[in-house]
Amino acid sequence: MGFFIAQILTGLANASALFMVASGLSLIFGVTRIVNFAHGSFYMLGAYVGYSFMQVLPGAWGFWTSILLAGLVVGIIGIVVEMLVLRPVYKAPELFQLVATFGVILVVQDLTLLIWGADDFLGPRAPGLKGIIRIMGEPVPKYDLALIALTPFVAFALWWLITKTRTGILVRAATQDREMVGALGVNQAWLFTGVFFLGCALAGLGGAVQLPKGGADLLMDFNILSAIFVVVVIGGMGSLPGAYVAAVLISVLNVFGVNYLPQSTLALMFVVMVVVLIFRPFGLFGREEVAGEHGQVGEPERPIKPAGQTARMIVMAGLVLLAFLPLIGDSFLLVLITDIAIFCLFAASLHFLLGLGGLVSFGHAAYFGGGAYAAALLVTYAGTPMELALILAPLAAGLTAIIFGWVCLRLTGVYFAMLTLAFAQLLWSLVFQWGDFTGGDDGLVDIWPSEWASGTTTFYYLALVLCIGGIIILRHTAHAPFGYALRGARDSARQAEATGINTKHVQWVAFGFAGAMAGIAGGLFVFSKGSIFPNELEIARSFDALIVVFLGGVKTLAGGVVGGAALEGAKDYITRFEYWRLLLGLLIIFVVIVAPDGIAGTLRKWAEKIGLMKREDQA
Amino acid sequence: MSAVLQVNGLSKEFGAIQAVDNVSFELQKGELLALIGPNGAGKSTCFNMLMGQLKSSGGTVRLNGKDLKGLKPRQIWRLGVGRTFQITGTYASMTVIENVQMALISHHRKIYTLLPRAHLMYRDEALALLDLVGMADQSERHCAVLAYGDLKRLELAIALAHEPTLLLMDEPTAGMAPAERIALMQLTADIVESRGVSVLFTEHDMDVVFAHAHRVMVLNRGQLIANGSVDEIRNDERVREVYLGGGTLFKHDGESANA
């Protein structure tokens, strides 16, 4: 019994920081409709800033003042980010802002490394709360009890701010209808900035307050990211009580999971999330998200057309160049181009879902990594030859996508995105924690191509044929009735349903198809590297693909391929620098602000301007 | 002559509000039937039930004798019912003709075919439909740049793609200029004439209704209060009361919350 209570108390204490960070995220989403991927970074900054203050300010007063100052400083950093990065892109398509916040993650990562160095910091213990108290014989740290007492206070203060003050009323009004609030003469820009400050300050507080329990390290941002998304989604996007209940639920479950199911602690929270969303699609306290008919703002998407004469010539020339590359290039270049080709197919498969179907999958790495792991497992355990493994990889990935898609497609918009992320994380945690079978963190190694394809040049041709073949199939499907139906379901599900199209079924098939295509890329990847590690299933990998699609241009058919080639190529060059994340992050933010149509879209506009391409009639 | 559409005792409750109350009527082949009534009378609710978007609380809807209970909109469409929306729903990212081609592709059950290119399929049929509604000259334009009246006409072409026997039009002329309204309903009347389609439409503009409808039904607070020829409706005391205010309409206005 004592053990049981102690476990619950630990869970409640862990919920404290989680709640603060998650409520900030929820608040920001509620008002600005921005899913702030950089929220984990603000949490990390809170920990580092708090740590630095604690080194200077002595005693109990110093400790708590440091925490408050950390919140304040991070809040101010939040204001800077909001004004410099997000303000210019509020008018851009909603999901473009996601990419901008992802750029912020990279920048913050490297700036933190630059300022505080690569070493982990052990958090100082809270003065006066260093010991433990025995509750029914079980030791419970005093600081845990302080956190448990503190959290309701923070929650109450937030509740009071939101429900009782004039600012709170404006914030709530803005969550419901920000256009109307603007029409009533409220300066939206400052309301957004204010909310961003508050949300980031909460993340900073959360980061600082957990210092005595967890310390500060450079992996904190991604480590908490999935947990806060799970909390916000379970609680309901934009709901504070929901965030609190969900934070407690997840933390307590986690503590018990560590004791009873140590193999599946990571998977557990995603299972809970999936179960909650199946029964309550908009979270425990959330309300239905009414998605707009078109789901996008900004310039309407243009009709697609088969490539024109000029474009065909350019592509043909490119293909010829690629075909003769082994004659002129060295093996390093061939390996690089192989990598790029694989990544392009991966990105193109996501673009098919996202660009044509409007289905924003945050977890596309599940199908890339899934295909890769399927091939690797087949080779490791069944001695499957490469040829067969390359056929089975897309089948396995497609099947995974069909199963995941069946659940995810019950939801739309942000909830759909979050569910795809959750499933990808589920797969990742399975692979990561089921070490006996998947090799866990050590991955699976010694997976090499068949004898005939083992040469760099031969494998280069193999990868080229399969990837370009896959991209051509994807592109052709976009022009086929199926691709049109997918776009129709996105443009107006109402009209599509009223003219005999089963939109959910079309989307489901598309999900499986895109998954299978990503599986081909994954299968090729594993044979090109000879090994596979869980990080190919990570959130960061999914984000890579998302960023590529957005940078390439969502509204342009070639977007996935162009973005894939550009980013993978740029990465190869940039990663030679020590602070390459900073560079890449700034590059991403720059492209988002300057060229919101993506690379392919912007190139097309330029081509139209100078008369290379025919202009279409515009609104 | 047998009825194309038979509606019997159709009802819908939203909590305590009886949005549609025991509505029964028939629609004959080749008939242009108007359903009118003040705001909140239950017209759109009626429509959504006929089209399967909304589940009825009671009553039956039969299309050529077949019960439509529990069928989804896309299944009802396959039985030969076309519809246009009060707020247009078109595929904004496609060209005008592709919008119509999409409906034709669905009608020929070619959604899941992968080999042909969609923009080359059923072009002639699509052009003929666009010609019918007077949109042939705009067939290659981007749908997102069309004027609202043109969108309405495009929607009509889409709705006619599978040669429906019944056409449901929810406020087909809402948001159009007066001249456009008359033109669109004249077009609809011509289609009824030439193709033998039956049309049920709701409308607020009495000029449009009286000029083209063969028969008019009046809905007030969920109940059918009149059903007859244009002349009969014009001279019906209760209809005048509802429209010109006999005192009861405005007194109880707060109760009828559903449009």
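Every residue gets a Cβ built from N, Cα and C, even glycine.
The transmembrane segment feature in TrEMBL is assigned to A:6-30 (among others). Within its own chain, the transmembrane segment (A:6-30) is flanked in space by residues 36, 39-40, 42-43, 135-136, 138-141, 143-145, 147-148, 150-151, 154-155, 158, 171, 175, 195-196, 198-203, 205-207, 209-210, 213-214, 224, 227-229, 231-232, 235, 237-240, 242-244, 246-248, 250-256, 259, 414, which lie at least six positions past its ends and keep a Cβ under 8 Å from the stretch.
Listed as Cβ neighbours of the transmembrane segment (A:42-61) (distance under 8 Å, sequence separation of 6 or more from its ends, same chain) are residues 17, 21, 24, 67, 69-71, 73-74, 77-78, 108, 112, 115-116, 121, 123-124, 126-128, 200, 203-211, 214-216, 218, 220-221, 224, 228. Residues or ranges marked as transmembrane segment in TrEMBL: A:42-61 (among others).
The transmembrane segment annotation in TrEMBL covers A:98-118 (among others).
The feature transmembrane segment is assigned by TrEMBL to A:183-206 (among others).
Residues or ranges marked as transmembrane segment in TrEMBL: A:267-286 (among others).
Residues or ranges marked as transmembrane segment in TrEMBL: A:310-328 (among others).
Residues annotated as transmembrane segment in TrEMBL: A:388-407 (among others).
The transmembrane segment feature in TrEMBL is assigned to A:414-432 (among others). Below 8 angstroms of C-beta separation, residues 29, 35, 226, 229-230, 233, 237, 264, 266-267, 270-271, 273-274, 277, 281-283, 289, 359-366, 369-370, 373, 400, 404, 407-408, 438, 440-441, 534, 537-539, 542 of the same chain, each at least six residues beyond the ends of the transmembrane segment (A:414-432), sit close to that stretch.
According to TrEMBL, the feature transmembrane segment maps to A:452-474 (among others).
Residues or ranges marked as transmembrane segment by TrEMBL: A:508-527 (among others).
Using a Cβ-Cβ cut-off under 8 Å and counting only residues 6 or more beyond its ends in the same chain, the transmembrane segment (A:547-567) has close neighbours at 93, 95-96, 98-99, 102, 299, 301-302, 304, 340, 343-352, 354-355, 471, 475, 478, 588, 591-592, 597-604. What TrEMBL records for A:547-567 (among others) is transmembrane segment.
Remote same-chain partners of the transmembrane segment (A:579-596), defined as residues 6 or more beyond its termini with a Cβ less than 8 Å from a stretch Cβ, comprise 85, 88-89, 92-93, 96, 99-100, 102-111, 113-114, 298, 547, 550-551, 570-571, 602. TrEMBL lists A:579-596 (among others) with the feature transmembrane segment.
Contact count against the transmembrane segment (A:388-407) (Cβ pairs under 8 Å) is highest for A:508-527, out of A:267-286, A:310-328, A:452-474, A:508-527.
Below 8 angstroms of C-beta separation, residues 34-38, 40-42, 44-45, 48, 52, 81, 85-86, 89, 216, 218, 221, 543, 546-547, 550-551, 579-582, 584-589, 592-593 of the same chain, each at least six residues beyond the ends of the transmembrane segment (A:98-118), sit close to that stretch.
Taking Cβ pairs closer than 8 Å, the transmembrane segment (A:452-474) reaches residues 319, 322-323, 325-326, 331, 334-335, 337-338, 341-342, 344-345, 348-349, 351-352, 386, 390, 517, 520-521, 524, 527-528, 561 in its own chain, all 6 or more past its ends.
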